[in-house]
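Written out below as structure tokens is the structure these notes cover.
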Amino acid sequence: MHELSIAGSVVEICAQQAQGARVRRVTLEIGQLSAVMPEAIRFCFDVCAKDTVVEGATLDIVVMPGAARCLACGATLALDVPFGQCACGSENLELISGQQLKIRQMEVV
Ligand SMILES: [Zn+2]
């Protein structure tokens, strides 16, 4: 399961950065185009956090909307799937947002 390994690395990174302190809250940015299910991450996060300093931490998930730049005319358009067509007719798009998956913030006790 994809989400399990992602949640595992998130817990690992948080535990390392906490340096022995207890982690109280983690804010995660998940791109809308990353094909990662926030609810699955939430579930896996609790499983992975068990018996670590991250156990019991609140997980906040911020879903980042997808966006792309048209390489033909330079327009920026919103996407909810990782492909699309610009108003100018071009399908030559460069994704500029929505694929990220990163820890935005972490609070320790
Ligand atoms: Zn265009």
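Any Cβ shown, glycine's included, is placed from N, Cα and C.
Keep in mind that TrEMBL annotations are predicted by a computer and have not been checked by a curator.
Listed features, source TrEMBL:
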| type | residues | note |
| --- | --- | --- |
| BINDING | HIS2 | Ni(2+) binding site |
| BINDING | CYS70, CYS73, CYS86, CYS88 | Zn(2+) binding site |
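Projection of TrEMBL feature records onto the structure.
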residue: HIS2; record: Ni(2+) binding site; contacts (Cβ under 8 Å, 6+ apart): ALA35, VAL36
residue: CYS70; record: Zn(2+) binding site; contacts (Cβ under 8 Å, 6+ apart): THR76, LEU77, CYS86, CYS88, SER90, ASN92, LEU93
residue: CYS73; record: Zn(2+) binding site; contacts (Cβ under 8 Å, 6+ apart): CYS86, CYS88, SER90
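In this structure, the residue listed as 'Ni(2+) binding site' is part of a helix by DSSP. For the binding-site residues CYS86, CYS88, the largest tally of other C-beta atoms within 10 A is found at CYS86. Compute the center of the Cβ atoms of CYS70, CYS73, CYS86, CYS88, which mark the site for Zn(2+); besides them, the chain residues with Cβ within 8 Å of that center are LEU71, ALA72, GLY74, ALA75, LEU77, ALA87, GLY89, SER90.
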